[in-house]
């Protein structure tokens with residue numbers, strides 16, 4: 001949904017991974033400060049009037065928050081290029097400019113945590129290949145997906161797990177799935193409606209049919225808004241850092257190091273809701289490295 005903002009996609013005909021698979025140089029985006037698109041702004045208004053209950057995003061371009069989506073109504077599974085987090089205490093920070101990093105294998109930003117007594121090193125939150133998904137964020141997405149009565153999948157190839165499996169979770173309880181994407185997806189046979197079109201075109205027609213006006217983009221200057229920053233810290237937790245009850249991701253890494261056959265988590269310490277989330281995450285078979 002960000003291609004109309006000048007940001008390249010990954011798996012489209014001219015996408016980054018498509019180009020690499022062909023052995024050619026990937027396209028380079030020339031847009032330095034992209035702004036939210038018609039689709040981004042339509043989501044903001046749909047959420048405001050009550051049609052859109054929650055947003056799960058694989059984009060890390062930060063345009064959803066910049067558009068005005070509230071921090072308690074979004075799960076950014078692949079992180080946000082404007083956010084960094086402390087690997088020691090988990091505190092998150094939102095920055096006015098994109099967060100830099102100087103080590104590809106650790107994603108360190110060079111900044112230190114400001115929490116008293118912590119002084120942990122900060123890392124960018126964007127999720128790269130071989131990195132694990134952010135467990136807190138994924139748990140939230142799983143919970144919302146299970147409650148979903150209509151899942152609208154827009155601008156996604158639906159080929160990256162576990163995100164691609166989330167829209168199907170609501171189907172078990174009678175929900176409906178709609179897919180809007182120019183290319184085919186592995187889940188085209190599972191949806192109630194399949195639309196081959198651009199996201200902006202579809203949302204423009206939907207908003208006209210609902211008689212809901214799409215607001216223009218306005219720079220909210222989030223990093224300068226102290227009240228918004230407090231809400232961000234409260235509502236945008238990214239990863240767990242405690243070792244008292246290891247997450248499946250941590251146990252998976254330990255299993256690889258120790259050579260054991262099966263990861264073990266003391267599930268007696270988890271309440272019923274967290275136990276269900278834990279089992280769901282296990283079923284999604286996340287097999288990647290730890291973040292910390």
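In case you wondered, yes, glycine gets a Cβ from its N, Cα and C as well.
According to TrEMBL, the features are:
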{"type": "DOMAIN", "residues": "1-213", "note": "domain 'Deacetylase sirtuin-type'"}
{"type": "ACT_SITE", "residues": "78", "note": "active site, proton acceptor"}
{"type": "BINDING", "residues": "86, 89, 113, 118", "note": "Zn(2+) binding site"}
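Positions of TrEMBL features highlighted on the structure.
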residue: 78; record: active site, proton acceptor; CB count, 10 Å: 20
residue: 86; record: Zn(2+) binding site; CB count, 10 Å: 24
residue: 89; record: Zn(2+) binding site; CB count, 10 Å: 14
residue: 113; record: Zn(2+) binding site; CB count, 10 Å: 20
residue: 118; record: Zn(2+) binding site; CB count, 10 Å: 14
Whole-number Å value for how far residue 86 (Zn(2+) binding site) lies from residue 78 (active site, proton acceptor) (Cα to Cα): 16
Whole-number mean of pLDDT values that fall within the domain 'Deacetylase sirtuin-type' (1-213): 88
